[in-house]
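Take a look at the structure below.
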Amino acid sequence: MAVETLTETPSLLPVFVKSALGGKKKGDSLPQTSYRLADQVVDRQHLQDYQRLCGFAADDTLPHTYPHILGFPLQMQLMSREDFPLPLVGLVHVENEITVRRRLTAEDVLDITVSAENLAPHPKGTTVQIVTVAEVSGEQVWEGRSTYLARGKGDPDAARGSMPDLPEVSPGQGAAIWSLPKDFGRQYAKISGDVNPIHMSGLTAKAMGFPAAIAHGMWTYARCVATLGPAASGPSSSHVWFKKPVLLPGKVELVVEPGDPTLLGLRKPVRSSADRVVEHLVLTVETR
Amino acid sequence: MASPQPDQTRRAAILGGNRIPFARQFGPYAQASNQDMLTAAIEGLVARYNLGGQRLGEVVAGAVIKHSRDFNLTRESVLGSSLDPHTPAYDIQQACGTGLEAAILVSNKIKLGQAESGIAGGVDTSSDAPITVSEKLRTKLLKVNRAKGAGAQLKALGAIRPTDLGIETPANSEPRTGLSMGEHMAQTAKRWGITREAQDELAVASHRGLARSYDEGFQDDLVTSFKGLARDQNLRPDSSMEKLAKLKPAFGKGDDATMTAGNSTPLTDGASVVLLGSEEYAAEHGLTVQAYFVDGETAAVDYVHGEEGLLMAPAYAVPRLLARNGLTLQDFDYYEIHEAFAATVLSTLKAWEDEDFCKDKLGLDAPLGSIDRDKLNVNGSSLAAGHPFAATGGRIVAALAKMLHEKGPGSRGLISICAAGGQGVVAILEGA
C-alpha cells in the first residue's frame, strides 16, 4: 500500500464542498493509498477544549477518543479521493472501535496513518472501515476503526455484526441526563474540524434530509467514555454502535447496565414505559 | 491543666505526597480550575502509590478562593480520579493553613482509629478566580429571581441602575482592616526591624535551595508535571542579592520600605496532596513510612486592634506545641517556616529570640532562642516555589517527611504556616 505523507493537516471545508459537488462515485475497490501525518505535537489548548466539551478531566492525558480527532482530516482526505468508491457526503458513521495500547499524554509526539479496509455489503447499502493508527517512535499506541455506511442498494443477506442491546433501565432510572443546546454541533465542529452540514444548523441539516441539526456521534461516544474516568484513558478498548441521531437541541439519557459499568447506552429520556424509546447508541468499554 | 488522653491512640504515618509544579498567575495554568488541579494532584498520587480502585478512609482538601459551584470540590476530584468512588471526602478552608490543617485532621482520625488511610491536600488558583457582581446588583438580581410573574420581574429589573454594574474579583486583603496582607506584613517587619538585606538573603537562599533540590532529583517523586510545566515557574536558580537589590519596594510606605516583589511570594496556581495512613495500612500495601505526623497546633492573634501583626500567630502556636510535646525550639533537624514573605520568617524568628516578647506575649520564663539557620527551609520554600494558598501545606508536609526519612528514624521537623485572619497552623513530624 502506498503511503502519502502530508505536511499539514488538510482543511475540511473544501473537502466537503468538493465532495458535495463531485460526480457519482464508481468502482468496487478501495484506494490502495494511506495518508500519514508525522510528528503531530499535541496543541494543549485544543486538548483542553476537547476535554472540557466531552467531560474528560482537563489534565495532560489524551482521552480515549482524542487521537480520532487528529486523524479525522486524513479520513476525509482519503474518502474524498476520486477513486474512493463511496460518496463522502451522506456517509453515515455506524460503528467505531478504539484500542488504547498505553496511556498517552500531551508530551507524546504522534505519527498518524489512515487507510481504508473492508468494503463490504450491508443490508442497507455498503460499508467501509477507515483505520486510524497512532504511533509514537514506531510503536503502535492507539488504533481506531470507523465503520461508515453508504445507504443504497443493500444486500439483505449480508451479515451484520452482533450488536449488544442497550442496558434495560426503567424510565427515570438513567445514570445521567445531558442537555445539548442548539449550537452544540457548531461547538464540537470547531474542535473536531467535522463541519459536515448535518451538524452545523437546522437549515443545512434539513437540506441533507434531517429534521434538525444532529449532534456528532463522536461526541456522544466520547461523552459516554468520559463517565468511566481515568481508567478509559489507559490501556483499554471500546466499541460503539450508533443507532438514531441525537437531534439538537435535545436531551439525552445515559443508561448503564446494572452491575456492569462497561456496557452503556444513550437514549432519549423517557417518562413512562409507554413512551417510544429512541436509542442513540450502545457502547462497550473494556479497561485493563 | 492536663489534656485528656484518648483511651488508645496510634501513630499516623506520612507515606508520600504529590503536587503539580506551581505556576505563576496567568501562566500555564491560566485556564486550569481548582477542580482540574486538585484532580491532577490526586491522580498523580494514585499513580505513584498504586492507589487505583482503593477505597481510602477519606480525602480532605480545600481551596481558599473557591467558586460557589465547587461546593464539593474535594469529593468531585475524588470522583474524577481513579480512587474507588466509595471514598468519602470533604472540603475545609483555613486560609493558607488549609493544607496543613487537612493533614492534622486526617492524621487525627488515623490516630483515633477512625480511618486507616487518607489524603490531605489543597489547591488554589489566582488565575481562574471567581468573579462576582457588585453587592447592590447581586441583591437586586436575587429580587428579580424571587419576583413572581413577568410584571413583577420587569419592575424588579427596572430597579437596576447603571451604577450597580461592575464586577469584583477576590482581593488579597483583610476584610476588617482593608489592608493587603503585604501592607500588614510591612507593619510587622518595621516593628521587628527586619532589614531589606536580610529579606533578600532569605529569598536568594530559598531559590538556591529549591533549585539544588530539583538538580539533585529530590523533587522527582514529589512533583508530577502538568500542562507542560515540570518545575515551579517562579523558581529563579540564578537569583542573587544584586538582582534583588534592584527591585523597588512593593509594600509599606516611606524610604525605609523593605518588602519587594522579590522577597514576597507572587500569586500562583497549584495543588498538592499527601498520603497518610496507619502503620498497618502501610505494611498491608507495601508502602514505606517516611515520617510520623506527631502533633499539630493552631493559634490566632488579634490583629484587628493592632495588638499583634497579622501573620504572627505561628509565633504563639509553636511554644504551645513544644510545651505539649516536651521539646525545645532547638530539638529539630529541620524547620519549615512558610515564606509568605521573607519578613514573616524573620519576624517570627526574631520574636522567639526576644526576651520581652517571649515573657510578655508568650508567658514564658525565657526566650525560645535561636535556631540553626542551616536547618531552615533547606530545599527552598514559598519565595521560590510560589504559594498557591491552600497547596502550601501539602507541599511542605510531603517534602519534610521525605527529608526526615532520609535523615533517619527519630529525626524531627517543625512546620510553621501563617494564615490570613491572623491565624497560624504548626506541626511536628518525626522521621521513620
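One-based numbering along the chain as shown.
Positions of Cβ are set from backbone N, Cα and C atoms, glycine also.
The active site, acyl-thioester intermediate annotation in TrEMBL covers B:Cys96. Feature annotation from TrEMBL assigns active site, proton acceptor to B:His387, B:Cys418. Annotated domain 'Thiolase N-terminal' per TrEMBL: B:13-280, in sequence order. Annotated domain 'Thiolase C-terminal' per TrEMBL: B:291-430, in sequence order.
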Residue among active-site residues B:His387, B:Cys418 with least C-beta crowding, 10 angstrom cut-off: B:His387
Reduced DSSP assignment, B:His387 (active site, proton acceptor): coil
Secondary structure composition of the domain 'Thiolase C-terminal' (B:291-430) [DSSP: H/G/I, E/B, coil]: 57 helix, 32 strand, 51 coil
The residue listed as 'active site, acyl-thioester intermediate': secondary structure state under DSSP, collapsed to three categories: strand
